[in-house]
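Q: Heads up, here are the entries from TrEMBL:
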- 1-15: compositional bias 'Acidic residues' (COMPBIAS)
- 503-512: compositional bias 'Basic and acidic residues' (COMPBIAS)
- 520-529: compositional bias 'Low complexity' (COMPBIAS)
- 799-899: domain 'Fungal lipase-type' (DOMAIN)
- 1-49: region 'Disordered' (REGION)
- 503-534: region 'Disordered' (REGION)
- 129-155: transmembrane segment (TRANSMEM)
- 183-212: transmembrane segment (TRANSMEM)
- 232-256: transmembrane segment (TRANSMEM)
- 268-288: transmembrane segment (TRANSMEM)
- 435-454: transmembrane segment (TRANSMEM)
- 460-478: transmembrane segment (TRANSMEM)
- 567-590: transmembrane segment (TRANSMEM)
- 596-613: transmembrane segment (TRANSMEM)
- 666-687: transmembrane segment (TRANSMEM)
Amino acid sequence: MAEENPPEAPAGEEAEAPKDVELVEVEEEEIDLSRGVAKSNDWDEEDDEEDTQILLDGEDLLPDFQDHFSLPKESCMVRSRKKANGVRVYDPGFSQQVVIEETYDENNGLKIEVKKMTDVTTGHQLMNAFYAIVAALFAGFLFVFCLQILLFVVLDLSIESGATSFNKTADGEEDNSIRWSTVIGVAFALISFSHYFAEALVIAGSFIMDAYNDHPLSRTFILKGNKHGHVIIEWLFLSCFFLFPIFVGCVGLLAASDKWWYYTSLSWFILVMAFFCIFCFCVVFYEVGSCYSFVANRQDADSDFILDVLKRCVLLRQTRRMSGYVTSSGLARNVFTNTEATDHTRKSQIYKSSLEIHTPIWTRLVSCMPSFLYTNLSENPKTIHTIPDVQDYRPFLTKHTWSLERIFCRPEPSRYISIVRGPGALTKGQLRSSVICSLLSMFFICLLVAGFLVWFGLGAGPIIVFLLIVLALSWSSLRNTYTLVRLGKDLIEVREAKKTNYKKAQDKAQKEGDEENGQAAPPAAAAESEPSRRSTVTFQKTDHKAKISEAVFHITQLERHYEPTEALCWISFIVELGIFFVYPTISLFYIGDSSLGGVFVVLSIVSNIRWYMNIVTAIEETGNMDLVGGDTPAETWANKARLNQIVGSISANGAYKGWRVLMTSLGFAFILILLTTFDSGAIAAAAAPLTYLPYGEWEYPGASEDMRYPTCTLSRLKGGFADQSTMLDFAWMAGAAYVADNQTQASLDTWFENSPGVMDLQPVVDEFRSREDPKNEIAVKFKLISVPGPGAGETTAIIMIRGTVNQFDMLADAQLWSAAALMQWLRGIIPIGEIWTEIFPDLVSWMNAVASTSIEKVAFYKLTTKFAEELKANGDYAHIQVTGHSLGGGLSLITGAQAKIPAVGLSAPNARISGKSYDPPIDWHDINKYGFNIIPKHDIVPKLDDVADNWQQIGCNADLSKAAGFCHFGVRSICELMHTCGSGNRPVFCECVTAYGYEPPTSLSGDQASFDQLCPMPE
């Protein structure tokens, strides 16, 4: 139950602090939030002529309302009824706040009324929502591009670390030695890329919000100097986001083109991308220009020469980053009215019990540095104003604005003004609920993570490790919870102390009144004599005076105690440029990755300009935005408002840390795969031999006719080998690609029962690779076998491409299909994302073209396609087919579409979205014509990229918690096909029962009990 507000303290007295709560004085200027006025009775229209003369010139209040630069748009003053009445309109977005001034007769005074009105239609909101969707599509494309670049960098890192067979000695032997110089350089490039991409994604997020909120930021800087700039911006925005794409679509429809939507969506994306580039340019231009202006005008004695200003920008940035700081936080008390008016500036009194001083480890470290490196400012520390300080960010926390979610997700450090006494005072229940909600939220997060880990079958050790990681990532929230607990305790103490002191004051007044025979004046009488601005307003009635509330300010103060010397700043500047720019650039070009090197140089130049000419640092060191400049007050306000929007939504956006953590974490995850690759050593790996049962004595009869897959028999496949050409055969051959070269023929003899004409043609493969890949640099492995048929005297050649056997193959999978997979994910989370599917192949092709050098290193399909085309050209075989599992299956589908031969993939990633990025590009018509994919249920790999028209989903008997990985096993898929389609005239093996839990096969001799002897279950 909400607690009732305590009685008010005597207005003439300052409420005393509780004895157990000490107060300390700190200098802090109270914020003048607004000017209060009193309400009165309704205005009578019949007195219009008389009332217009009530207020003298300059005494009306609306002109005193001044726009703060935090407003997204400038307010508009509208005068009516001569001069005494007016309206001020504020338009923050989809609604308007209207402040109306009305005057009355001399007895009733002045009235200010605030209204909220919505002036947008549903159609307008839907258009803005669609603008945001298109902007989100581009932002998603940017995210996918960033992730692709990280993957390419890791691929270079794996090659230079000796984890692959790409590096060769002068004699052509494999060189697995680690090239530490380039490894370190590429690693620094990975760190720098993470920073650059985080900055780009922050701007992209702001671009989305700007598009949704009616582009308030865009209209402030594009063509701002032109008197028609606002109109031009509106037309430019509407044309890029709506008119021109619709025009392209109309032209396509009138031309009866089947690809009208393709051209429409592609032009839409290109125009939005162009507008985003303009947006980024303007953001960087105003950030850098404002920083230059701040630094140039910060001290009157400083030189205005451009080189001197640039030097000061660098020194200011390095000083801000390398200094040692001490943070003080606590609760301060102040008195103000609930009309948000303050009477004067005074010293804030901080409750000493709530005062917390935090000295970071870095500050403690630099405190030990010699004087030629750091200057000690502890005796006279310099106060640093943070961006929230400059923005005057202090939201009120009252019982009406309080909510559990708002408190739990509040920013750090909190800067709320908490009302502890008066009409809007927080209740004990609200404070306690906030603490309980924070603790419960953290508990449920840990419980959810633990639940998923248990469901996936992990043991206690990994679960504890993951929980510790979650707690480490949640450290900020835990600290917030601790602060909230302490805050709640302190606020409750303050309120209880106020009640106690007020009770004592009442008792004292009552006692003195009794002694003077009840002649003492009531305590509240003194309050009416207090002078304030409100009492000076013409004709204000005293009975409209605002009631007194008391607030507790959440104070956070940053002080610089140790400052680096100028020499140290320049040394650190040179070291940073060398480590994070020069060294990585040289390394990328040295290893031959010119495409990535070019991207790195461009991003580094732009990012380093923003980094060292940093507007956030300039504002924090200055402590205000007054140096932004302007020829008129209106222009000054516009410049401040624009800069405030840029700084708040981009430059000092807290999302940067989140994106930086995500990008860095993904980079380290890829490096972890790299390290595992290096530890595993060999790339070639032989498949574990299967335990076959005696041929002709055991079989899987298959499921009932209505339960069999319609594609169990692939005899109609062009070039198939008669009735023996089954989906089971192709699944087995896809798995046979993993078998060691010296065991391939034996495996073929077992599966095909020594059928004549079934031969391993490994010498043909070896001869081809000796010509096309003499240094064995291409990691793909494949085999060639021949089978008789389908016609008499004909022979069919089947290429079997090996799939993923180590972590480097996983990196190759990621390089070839991650872009398509991420575009699928993007399509799933964007509303109506399906409509953009037609342009996805182009987008993937563009981003892969940027990193063409890295893509070339994992373009394994080029070798297999050339091999298939050579076999076709020789004419030695009537038909040629290709098959493979996992990575091998994906390469099979690509090879089949490029060489125009039938391809069957098992658990293969697809190629419909990524087709245009291959060399040569493949059309989706060829994928549909030549490709067939066998997709086990719950297998993630064949979900990569969009599935073509020809595919068959098969079952998987693995537990759902393990299905994502276990359903990808090729042997399990063979067992599923045997169990459902029947084994036919092929041998069955024990692993279907002993390893994968399928039912035992049927004994043709009737001796079912002998199966346990032939296939004992593992212990």
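Each residue, glycine too, has its Cβ placed from N, Cα and C.
Automated prediction, rather than curation, is the source of TrEMBL annotations.
Map these features onto the structure and tell me what's around them.
A: Sequence-distant contacts of the transmembrane segment (129-155), counting only residues of its own chain at least 6 positions beyond either end whose CB sits under 8 Å from a CB of the stretch, comprise 186, 189-190, 193-194, 197, 200-201, 204-205, 207-212, 241-242, 268-269, 272-273, 276, 593, 596, 599, 663, 666-667, 670-671, 673-674, 811, 814-815, 818-819, 822-823, 826, 829-833, 836, 843, 847-848, 850-851, 854-855, 857-858.
Same-chain residues lying 6+ beyond the ends of the transmembrane segment (232-256) with a Cβ under 8 Å from its Cβ atoms: 127, 131, 134, 211, 215, 218-219, 222-223, 226, 263-265, 267-268, 271-272, 274-275.
Long-range Cβ contacts of the transmembrane segment (460-478) within its own chain (Cβ-Cβ under 8 Å, at least 6 residues beyond either end) map to 408, 412, 438, 441-442, 445-446, 449-450, 453-454.
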Q: Across the domain 'Fungal lipase-type' (799-899), what does the pLDDT come to on average, as a whole number?
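A: Mean pLDDT across the domain 'Fungal lipase-type' (799-899) comes out at 85.
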Q: Take the transmembrane segment (596-613) and find every residue of the same chain, 6 or more past its ends, with a Cβ under 8 Å from one of its Cβ atoms.
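A: 149, 152-153, 156, 189, 192-193, 195-196, 199-200, 284, 287-288, 291-292, 310, 313-314, 317, 573, 577, 580-581, 584-585, 588-589, 850-851, 853-854.
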